[in-house]
Amino acid sequence: MRNIRVPERVQTVDVAEGVSRLWSVRVELPWMTRRPPRNRKWSLGSLTLGTKSNLDLEPGEEGLRETGYHQSGYGGQPGSTVPPIPYGTYNGPVPGYQQAPPPGMSRAPPSSGAPPASTAQGPCGPGAYGQIGQGDIQNGPSSTVQMQRPPGSQSFGSAPLAPVVSQPAVLQPYGPPPTSAQVTAQLAGMQISGAVAPVPPPSGVGYGPPTSLASASGSFPNSGLYGSYPQGQALPLSQAQGHPGAQPPQRSVPPQASSFTPATSGGPRMPSMTGPVPPGQSFGGPPISQPNHVSSPPTQALPSGTQMTGSPGPPPPMHSSPQPGYQLQQNGSFGPGRVPQANYGSPYPGAPSFGSQPGPPQPLPPKRLDPDAIPSPIQVIEDDRNNRGSEPFVTGVRGQVPPLVTTNFLVKDQGNASPRYIRCTSYNIPCTSDMAKQAQVPLAAVIKPLARLPPEEASPYVVDHGESGPLRCNRCKAYMCPFMQFIEGGRRFQCCFCSCINDVPPQYFQHLDHTGKRVDAYDRPELSLGSYEFLATVDYCKNNKFPSPPAFIFMIDVSYNAIRSGLVRLLCEELKSLLDFLPRDGRAEESAIRVGFVTYNKVLHFYNVKSSLAQPQMMVVSDVADMFVPLLDGFLVNVNESRAVITSLLDQIPEMFADTRETETVFAPVIQAGMEALKAAECAGKLFLFHTSLPIAEAPGKLKNRDDRKLINTDKEKILFQPQTGAYQSLAKECVAQGCCVDLFLFPNQYVDVATLSVVPQLTGGSVYKYACFQVDNDQERFLSDLRWDVQKVVGFDAVMRVRTSTGIRAVDFFGAFYMSNTTDVELAGLDGDKTVTVEFKHDDRLNEESGALLQCALLYTSCAGQRRLRIHNLALNCCTQLADLYRNCETDTLINYMAKFAYRGVLSSPVKTVRDALITQCAQILACYRKNCASPSSAGQLILPECMKLLPVYLNCVLKSDVLQPGAEVTTDDRAYVRQLVNSMDVAETNVFFYPRLLPVVRLRTKSPIENTTEPPAVRASEERLSNGDIYLLENGLNLFLWVGASVQQGVVQSLFSVSSFSQITSGLSVLPVLDNPLSKKVRGLIDSLRAQRSRYMKLIVVKQEDKLEMLFKHFLVEDKSLSGGASYVDFLCHMHKEIRQLLS
């Protein structure tokens, strides 16, 4: 056996630990091929670690189209011939999970009522991705053919196996060659390499049984807990942790080109051939067991016709000696789907027999990509938690990539802002604009200036410089920060943003130590921390006058719909107690915020609740075209002073309008009235609007019903997202100037034109909450929880934000809920701890690797107590001249946050298909640039992903399948507009779980740990094949919460959770679990409470039973599967991305 030296630059990984971070992910695709012409040489790439693999294609062999194949259809019915498609179809989820079916039996196809995916066409028709999802795509078992070994296949013995030899076409003495069969695209191998530099190619590649692979990052294959594979499917790559048995000993052998047989949908295995190599025949190098591989004890051969229903353990790798100078040839088919060679007998230690009779030609079964062999979001999240969750993240080092948003970690501020305040798409910026254009990686930061911190972390320190105010650069107006350089003994400082030399005021002077740092650097937050606050002087206030404390105005729709639904009575009852919890500053005993009340339908009613009155007074304004506030004194009052009058008013409002028959409402005049009231009181504030219907009454801002589903998937679809009239934008501009923020609570029973009504909340920094078909019994808890949170959360009023950068880059684009009157200042009438502003940067000069790049976000705002403050966040980033450094320091979650917002804004001006295509193209360009410039040379059959971006395809596919970009038939126009504005101001953690929901198995909570321990169980991938019908799962995406109950769940579990004796008695659609005194009930309810506490909006629970009609709604959130609206599965989209990348590279 020839020893091959491991290059020092190649990184290998220990299976037992599996924590070394490797750097790129290679996934090989035997791409769209037909049977090559005679005498063409063909070599199939293989699974290697630390070396490169080649799929050698001669000129003209790439991109061949197929004539289609006959595939078994859903549930074993014959399928039709598939038209040519850009890549092979995904054959449906693995039907079995966790419980092995009895030998010889297969699981019945699902009968949930959904039509077979193989016949369903998405509403988008052709062109959504080109041709994604138009082949025979199955959601059931891919074939009824049992997994058999041909009689001639060699058993797994203890002796080393001989190399597999495939016979070239020229040596076949029987009949004409088989007709060209379509070979579906299949991820044939995966290479994870730590080296960027080219590595010598292996001498060849061979075939063998699946080898055990332990990914360095643990990302793939996903180590699942299931132990069986259904019939018709070969064993996928075995995993080091995948089996409960004892781990076999590891082999320490230099990494070589090792190969494996990819999982298939069915069909016999390719026979192993032994004996001398015939002339012209070749085989690859030795599939030697590698340090990353685990060899298992030998297993017995399966008798002919035996179905594989379980996974006894990984088969041993094949061993052989390398034979230089030979190339492996293929008979137009790939290893996993091969049939026995008709003229060959069974392998034995001698020359092969050429005398047997030819057998009938057999069609190739379709190959199926093993989902465990592609990057898993769950595994990446788990690895990051394990590797980075235990140590605090110290921000002292420039350009550090923080832990993922899904990891719980503590932050120690040592000069850079916490990732809770700022996250970047890349922490290493290209030095030149040409390099940035080449990579196509957007340079953006997602900034959350008032983010809430965990109790263990201190809020930003408040610095008071007295009347002189905060120290700033004279030229660029940047604020003092840790990166400013003091010179001339401390008498001057050089600005780190524009290099201007500034004098240090006498009162701020301090000596420098021997390193050039001020001796008081660690006593001053602005010189040692990344985030801090300054008290602003009167110069930072409107009209050079300190502001008054802000006010809250509650504006309640009292039309027929609002009264009839019980909304008005519920709201008035809640406000009596809620007003005790208005936000306050620090240690203040009571809130400084004043409150006022307005009710409205076609006219407006103002209420005087002055403390000296015995009863509240109502004043009606019917002239809504020329709105004014009929009273000043007594409209905005202190809650404690006027409590008796306010309580009396809230008791009377439901009774006053109990018999109303008024169905029409106004909307714009209501906002106008609130804004005028704040203007008259000379303060900023927030309007809480509770509104039920489309404002069709004669008044400014009157709207008409323009809901037209026929516009979907046309060039006019963008009209549905645009406001009907410009009146609301003008009104929003006035509100921002006054510091009037609007929060809108909608309770529609039909179309209300969310796209138009949400304009003012969106431009003023407010929020929109929507409760369709509101019913007190079902929606009370969700509405009241959202209302409490919205009223109590800390808000900054009348805010202005500016982002400054060091020379070389500048902020060019902004996304979020705000208004901009110029190109630099982000104006927010209100800003709370849930809102983010996303900023994109572009080069305007060359950057320097040594000095890096700096960002400074400065937010000027009025606190809840009426104090004017400046909050400063600073962040230093690295700069690079090598593309590899850029790709090594990217953060995919932030990248997806930016790309989703960019796309969601794009639908306002472009057809949705154009927006989708642009996203796919940009993603392909990013990955193609990495492949071309950073990865070691390799075959076009490999899909190579950067380690930091290996989840980019799966997350991008989730964005493309979202309701805004690809709506299902049940999604309303209002729903799409609502989600679009919601995502616009989401932070990275919210978009992460929104686009890729968390799926948590619940029954695994049944442990003997203390009841108080509500630790979340490990999540599973969002795919139907991960569901076991004997388990219960929680699914959450930040807005929705489902409890899915499998049909075979144990009776004891059903009794413990639902207090009923059987599955059939569970009420589908249940929104509250019964409070039962048993450990499982307490743990599940505790877990639900824990999930809700992590989100800014209350998630209403929906119990979904397997095979129930509600299950279709639940499956909409299983984002790795093909969606009913035509969205591609993760597997299909990965193949499509590879095709796009290859087209760019060619």
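Keep in mind that glycine also has a Cβ here, set from the backbone N, Cα and C atoms.
Here TrEMBL flags 53-160, 207-375 as region 'Disordered'. Taken from TrEMBL, the feature compositional bias 'Low complexity' covers 105-123, 239-250. The annotation compositional bias 'Gly residues' is assigned in TrEMBL to 124-133. Here TrEMBL flags 136-157, 212-222, 253-264, 290-302 as compositional bias 'Polar residues'. Taken from TrEMBL, the feature domain 'Zinc finger Sec23/Sec24-type' applies to 470-508. The feature domain 'Sec23/Sec24 trunk' is assigned by TrEMBL to 547-790. TrEMBL lists 796-879 with the feature domain 'Sec23/Sec24 beta-sandwich'. What TrEMBL lists as domain 'Sec23/Sec24 helical' is 892-991. Residues annotated as domain 'Gelsolin-like' in TrEMBL: 1013-1087.
Take the domain 'Sec23/Sec24 trunk' (547-790) and the stretches 796-879, 892-991, 1013-1087: counting Cβ pairs under 8 Å, 796-879 has the most. Regional average pLDDT for the domain 'Sec23/Sec24 trunk' (547-790) in the model is 95. Note: the domain 'Sec23/Sec24 beta-sandwich' (796-879) comprises 0 helix, 55 strand, 29 coil (DSSP; helix = H, G, I, strand = E, B). When the domain 'Sec23/Sec24 helical' (892-991) is classified with DSSP, helix, strand and coil residues number 65 helix, 5 strand, 30 coil. Helix, strand and coil content of the domain 'Gelsolin-like' (1013-1087), in residues and according to DSSP, is 23 helix, 12 strand, 40 coil. Counting residues per DSSP class in helix, strand and coil order gives 6 helix, 11 strand, 22 coil for the domain 'Zinc finger Sec23/Sec24-type' (470-508).
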